[in-house]
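All remarks here apply to the structure that follows.
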């Protein structure tokens, strides 16, 4: 007991390490499941790298506790095994501090987008280092002053500043969350934030108690073993519950390990419940398409829009049509429904507007900046200027080639077949004939007989 309490390797240490490994594996599975199982495309920007940083910070946090508190037997004979590497830098700025800072960055985004109804004035890749500065400054100060002893413990007078820094970040996160509590989120952002706050607040209480006992009572060996076990156990639970993907990528929050059915929500419009989003009605009336009509008017027809979109995708230039389609979906949402309009507008901006987006559209810098710096994400004309530019580009390029393409020929043929089916449906109402076919007479061997017999009956009836 004496040996393992000082040097590590107690049975409880191995149990705690096993729990930490299981927690980390579960976290990785939880974060990668939608991409591996449902082949969801990987987003760009903060929607992707903030969850990735959370996973890395969680790993750093758990590993730093294992290495700094002597869970395993090893000699600190190299510089990279130093207490200052693990107990100061990896556990602070690169561990718990980074984990909480990621959540603060997400809460800051939600506050500006849904309360202020505008994009944050500072990008996440700049905001995150700023709020991480106190952790970096504290770690640098401790490293410079060399306050750690040979067992990686701080002195008693340093406990209050360290605990206060942990508590401060949880309090700030609680403040941001309280500011958005009145928003009726469509997904699980607010629930995940409160869950993270409640879990972190309760576990930090246990964690801080174990941390203080571990730091102060170096001479009580059994207390050292028990306190470090509790430290790693609570940290393992914290990193697993604290992680959430819904804040960064709300559409992916509809995919969970509990859902065994196939993924049904393929677009943001469907997830938001926009009427007829992503659907083609079977009884939709066929519309004659005149190439002389304005393109923006033609694109309002969903069947034509999908045919034109397929042609544009085949030319590797489908971003503009996809953008038109999603902006059209946004237009179906009422003005007095700001939450859903913000969800859709933010989705469009992340997918089409920001530099380096997955389907970045070709618009002028002035219009792009107008959208990114808008003071109202719910404004009905937010994307109007961008649409006008893209319509002109499509008229000069895609539209000219589309009218002579096989996609347009196929669209006209399908429209003619639907028209035929519609006429046959009307005839069936009057005839009540179960054998009436919607195939052309020249292709249907029964049609000629039906027509001949019906024609003969009409002649006999007229003669009488």
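Glycine too: its Cβ is placed from the backbone N, Cα and C atoms.
Looking at the stretches 90-107, 108-125, 126-143, the one that TrEMBL records under the feature transmembrane segment is 126-143. TrEMBL lists transmembrane segment at one of the ranges 48-72, 273-297, namely 48-72. Counting Cβ pairs under 8 Å to the transmembrane segment (15-36), the stretch among 48-72, 126-143, 158-180, 192-213 with the most such contacts is 48-72. Within the same chain, residues 50, 53, 84, 88-89, 92-93, 97-98, 101-102, 104-105, 108, 120, 154, 158, 161-162, 165 sit at least 6 positions outside the transmembrane segment (126-143) and bring their C-beta atoms closer than 8 Å to a C-beta of that stretch.
Counting residues of the domain 'RGS' (294-412) by DSSP class, helix then strand then coil, yields 79 helix, 0 strand, 40 coil.
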